[in-house]
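Peer 1: Quick one: structure below, then a few questions.
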């Protein structure tokens, strides 16, 4: 690289050293942008951690063993953003470092202390969740309050052992004027670099992947079991609905048959009575008809016409009954058709949607899977094969695990990669300044991610946070004095009455 100093500059300013372009400090605009983004991250992290800490402190029942680990994680983040981050923001201004190199070493050690404490806590949380899900019966006896506190103390003790070697000579820290950052000189001590990288990302990633892989498999099996149980309950429900509809249809048919038989008997009796009456009338007329046979014959013909008309009327009534029977049969068929349609669109209520867990939901495809299609061959209809497990049962656990691991790698992965790269490459001159700035942002981004990943994704904690924010921002207004005009003591209740005031009682 060429030097920024010319011969004339060297002669006139012999006391100033020449600085190559590769070691030029960051510009003022670069420093302002870095500081602004850091301040935004720190403000978001401060608010998120404080709100979550207040929720955990307000509800003592939430401070179980697992949530105590989460609370310890919040403490490490708050210490990081309150004791370390302000100095990082201050040093982002070009050519500004107010203190000596010893303070720089102490600042790097303090940064690593809180970072290692955070990493160790995340590892403990992973193991704790593994034990609580895979061994739920023995978990209370294994993870007692005493062991929980011992693990918390252990995270800080191990973090102190991991972060303090630069203070007694194992590793070296200095202020990087080019990148405006107080950082480790990783190439000066490769052994400490290897120890830091293994402690930062290798061991934690192995533990997290191992624990959460087993947890994911267990969650998948549990969801599959719950899905099969719900599927069986849906089958039973469909069968019960069909049986009830069939029973109601059979009862309606029996009632209709009884009514039709009763009507037929009643009509037969009526016709028999009418025939008897007509026979009596005919005999009377025959006795009285000595004057002429023509009248009796005419009357006989009239009786026959009456009988024919009654027969036609009875036939019409029978046709009407048959028509009503057909209408009722059509209505029964329509009811059966509705029953068959309803089998494919069962209305699932809240009790059906929740079975042991809140996330078990059945879509229309799942409900249709309960009904075996009639078009399939009998070999497939009688098979015991279950429908494939819906994706929603697997994506929930996979999403949570992915967010946990990805956020961890995103925050500390670039920092560890830079440390390994510094063993072979001169980071101060070869790595672009914007890359260093992005790595700094990602390093402090974990303080913003931890409250969301380990706090707000928990349903109980999320509900408590929402309740607290509602009480804080939506305060209930006190009732007005005239809201109850009929009660004594209010303006409406004291109208037209003399009520002595406090002043009149104490002063003449």
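A Cβ is built for glycine as well, from the same backbone N, Cα and C atoms used for every other residue.
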Peer 1: Pick from 13, 361: which one does Swiss-Prot list as N-linked glycosylation site?
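Peer 2: Record lookup, Swiss-Prot, feature N-linked glycosylation site, residue 13.
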Peer 1: Any idea which of 197-217, 218-238 is down as transmembrane segment in Swiss-Prot?
Peer 2: 197-217
Peer 1: Decide, relying only on Swiss-Prot, whether residue 27 and residue 474 lie on the same side of the membrane.
Peer 2: no
Peer 1: For the topological domain 'Extracellular' (171-196), what is the mean per-residue pLDDT, to the nearest integer?
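Peer 2: Across the residues of the topological domain 'Extracellular' (171-196) the model's pLDDT averages 87 on the 0 to 100 scale.
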Peer 1: Which one, 36-56, 69-89, 150-170, 434-454, has the most C-beta pairs under 8 Å toward the transmembrane segment (400-420)?
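Peer 2: The stretch with the most close Cβ contacts to the transmembrane segment (400-420) is 434-454.
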Peer 1: When you scan the chain for residues with a C-beta under 8 Å from the transmembrane segment (36-56), skipping those not six or more beyond its ends, what do you find?
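Peer 2: For the transmembrane segment (36-56), the far contacts come to 62-63, 67, 70-71, 74-75, 77-78, 81-82, 85, 88-89, 92, 440-441, 444-445, 447-448, 450-452, 455-456, 461, 464-465, 468-469.
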Peer 1: Is it possible to list how many residues within the topological domain 'Extracellular' (421-433) are helical, extended or coil according to DSSP?
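Peer 2: Per DSSP, the residues of the topological domain 'Extracellular' (421-433) fall into 6 helix, 0 strand, 7 coil.
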Peer 1: Tally the residues of the topological domain 'Extracellular' (171-196) by DSSP class, grouping H, G and I as helix, E and B as strand, and everything else as coil.
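Peer 2: Tallied per class, the topological domain 'Extracellular' (171-196) gives 10 helix, 8 strand, 8 coil.
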